[in-house]
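Worksheet: the structure to be examined is printed underneath.
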Amino acid sequence: MDNEKGLLIVLSGPSGVGKGTVRKKIFDDPSTSYKYSISMTTRDKRQGEVDGVDYFFKAKSEFEELIKQDQFIEYAEYVGNYYGTPVQYVKDTMDRGYDVFLEIEVEGAKQVRKKFPDALFIFLAPPSLDHLRERLVGRGTESSEKIQSRVHEARKEVEMMNLYDYVVVNDEVELAKQRIQSIVEAEHLKRERIEAKYRKMILEAKK
């Protein structure tokens, strides 16, 4: 591990687009070296989810106390539930040279952009809104009213993709994973990220 500061990778998109599925695919890849920043939420745990692995599940009162203590990079209330990203883990991990991967809601990503303007923002988009609705129905975890609410929110969120650096369509999970990995690799090769290191090398060579 060199002294280059880690990159903050923000993956966001509408509810039901498959953010969690794509994230799991990325982290199941043995070549992945990112550190996953686990978000905190007050929503109910879904089947198969593990506290402290997929999310930190908290009561609403606990979450609101942490907000008062300014313990989040971002937080948002979405369809009646809070979601947030604990701040200290992210800063410490990046300072150690690791890339940190955030999987968050669109509203939360807007807050991260203000605090971490140099982060890498990737919008995960559905092939279509009809496809998104089918995914939500297929979950079998929410009422038709809740699904309609999420699809309505998704329309507004798709219109906000101009706030992101890249858009990846989740038409196939493996392809989405590969596209995201390629984007991160290219981001590390940007001149702005490596120029300072080479300037320092040149100055030291002149001594």
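Numbers here mean position along the shown chain, with the first residue as 1.
For all residues, glycine too, the Cβ spot is worked out from N, Cα and C.
Taken verbatim from Swiss-Prot:
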DOMAIN    6-185  domain 'Guanylate kinase-like'
BINDING   Gly13, Pro14, Ser15, Gly16, Val17, Gly18, Lys19, Gly20  ATP binding site
Minimal Cβ count within 10 Å, across the binding-site residues Gly13, Gly18, points to Gly18
At a 10 Å cut-off from the C-beta of Gly16 (ATP binding site), count the other C-beta atoms across all protein chains.
22
What count of other C-beta atoms do you get within 10 angstroms of the C-beta of Gly20 (ATP binding site), across all chains shown?
14
For the recorded ATP site formed by Gly13, Pro14, Ser15, Gly16, Val17, Gly18, Lys19, Gly20, name the remaining residues of the chain with Cβ within 8 Å of the site's Cβ center, in chain order.
Leu124, Pro126, Leu132, Arg135, Asn170
How does the model score the domain 'Guanylate kinase-like' (6-185) in terms of mean pLDDT?
91
Under 8 Å Cβ-Cβ from Lys19 (ATP binding site), six or more apart in the same chain: what's there?
Leu11, Ser12, Gly13, Glu103, Leu124
